[in-house]
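Down below is the structure, laid out as structure tokens.
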Amino acid sequence: MKNIFILFFFFSISAFGQSHLRSEIDQKANEIESKVIEWRRDFHKYPELGNQEVRTAKIVADHLRSLGMEVTENVAVTGVVGVLKGGKPGPMVALRADMDALPVTERNDLPFKSVNTATYNGQETGVMHACGHDSHVAILMGVAEVMAGMKDELKGSVKFIFQPAEEGVFDADIFGAELMVKEGVMEDVDAIFGLHIWSQIEAGKIGYRSGPFMAAVDNLNVTISGTQAHGATPWSSVDPIVTASQAVMGLQTILSRNVNITENPAVVTIGAIHGGIRHNIIPEEVKMIGTIRTFGDEQQVLVHRRITEVITHIAESAGAKADVQIEKLYPSTVNPPELTQKITPSMIAAAGEENVIAMPPTTGAEDFSFFQREKPGFFIFLGGMKKGGDPLTTPSHHTPDFFIDESGFILGVRALSYFAVDYMEGLD
Ligand SMILES: [Zn+2]
Ligand SMILES: [Zn+2]
């Protein structure tokens with residue numbers, strides 16, 4: 001008797017309820033699969049850059065309205081939010097898809113290959129859904145239709161968040177998820193779920209991680225100022241090129257000597273160094289830019305502090321001056337362990353236990369983290385690689401050959417729907 005009680009207690013804290021709607025979701029998801037693929041191909045052919053997702057947003061808004069939802073457009077510039085009110089009282093669960101494409105010229109030979117071009121950073125470029133956000137929009141439109149078909153039975157409401165500008169916007173200070181949060185989109189939300197199609201995971205599988213999943217990303221901007229001189233008389237200079245070289249090497253010790261790598265990884269990369277104009281002139285100034293990836297606030301504070309100290313003190317020791325600016329972009333995408341534990345059975349039910357992969361942290365970043373900072377949020381990777389593919393040779397996200405196997409979409413529709421209805425069931 002005692003054992004039975006313990007077993008019951010264990011389940012009562014480890015999972016949300018299993019909604020009786022799961023089988024109805026499966027059936028409706030099967031019926032809608034070909035429509036989801038069709039939507040995705042249309043978005044793929046006509047991709048739009050961040051904050052310019054006008055065509056995409058209109059298709060989304062029209063679709064949500066046709067399902068009887070209350071729809072708000074132009075949220076955070078081009079975002080769309082639809083609310084599906086369930087027939088029974090309960091929590092507000094948010095589901096999120098990002099809509100923007102990238103300045104990449106597609107090389108895939110597809111009947112629905114991108115036809116769009118744009119000017120980005122002063123350059124003419126192709127535009128491509130090279131991160132797969134076309135699939136996110138189509139999948140969430142599918143979820144909206146599935147859930148609208150059972151709205152009388154829902155114990156709560158679902159907020160469908162179609163977000164612009166996840167990849168950032170060249171000339172804006174704030175964009176995408178952060179702006180949506182600022183505009184209050186999360187205020188009446190109890191929990192949020194989202195996914196990213198992943199070209200290195202086989203279609204039909206889900207990747208996830210409890211705790212820090214994706215990195216915080218910050219930009220590093222450094223200017224080292226010295227004293228200009230003839231290249232033949234370096235003793236009369238304070239050489240910013242030699243100082244910058246020492247600083248780059250000094251930065252390598254932050255990860256090897258300051259960060260506890262048994263807890264979380266971190267990355268400091270210098271992506272560009274600019275200084276000088278001629279063989280025999282030591283310049284006055286060198287500029288460096290780079291990217292910083294960390295997992296968790298404490299680690300981020302440590303890495304930022306050490307970057308500033310290392311560069312500033314190396315410059316001082318050379319008699320130069322360093323200006324170090326760190327621009328925070330996205331916080332780390334962290335799946336709260338408690339929510340992760342409770343939603344894991346829903347994920348397993350959707351994908352099958354053998355198709356759920358516990359992943360290492362990913363040093364890429366996602367602005368879904370801004371939603372997670374407001375309310376508990378859970379984020380997964382949805383397999384988009386063709387079955388039997390090699391993740392090492394499969395083209396990665398943001399490349400002209402990026403390709404998605406559409407057979408995994410139906411799992412995305414089912415997983416997000418399961419998360420919403422199981423969360424609404426609450427605790428057993
Ligand atoms: Zn991306
Ligand atoms: Zn992306």
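Any Cβ shown, glycine's included, is placed from N, Cα and C.
Annotated features, as they stand in TrEMBL:
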- Cys131, His133, Glu167, His196, His398: Mn(2+) binding site (BINDING)
- 220-314: domain 'Peptidase M20 dimerisation' (DOMAIN)
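Shown on the structure are the features that TrEMBL records.
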residue	record	Cβ contacts under 8 Å, 6 or more apart
Cys131	Mn(2+) binding site	Ala101, Leu102, Glu166, Glu167, His397, His398, Phe402
His133	Mn(2+) binding site	Ala97, Asp98, Met99, Asp100, Ala101, Glu166
His196	Mn(2+) binding site	Gly132, His136, Glu366, Phe379, Ile380, Phe381, Leu382
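Taken through DSSP, the domain 'Peptidase M20 dimerisation' (220-314) splits into 40 helix, 31 strand, 24 coil. Per-residue confidence over the domain 'Peptidase M20 dimerisation' (220-314) averages 97 (mean pLDDT, predicted model).
Taken residue by residue with DSSP, His133 (Mn(2+) binding site) is part of a helix. One way to see the shell of the Mn(2+) site is to take the Cβ centroid of Cys131, His133, Glu167, His196, His398; the remaining same-chain residues with a Cβ within 8 Å of it are Asp98, Asp100, Leu102, His129, Ala130, Gly132, Glu166, His397. In this structure, the binding-site residues under consideration are Glu167, His398, and the one with the smallest number of other Cβ atoms within 10 Å of its Cβ is His398. The binding-site residues near ligand 1, defined by a Cβ under 6 Å from one of its atoms, are Cys131, Glu167, chosen from Cys131, His133, Glu167, His196. Reduced to three states, the DSSP call for Glu167 (Mn(2+) binding site) is coil.
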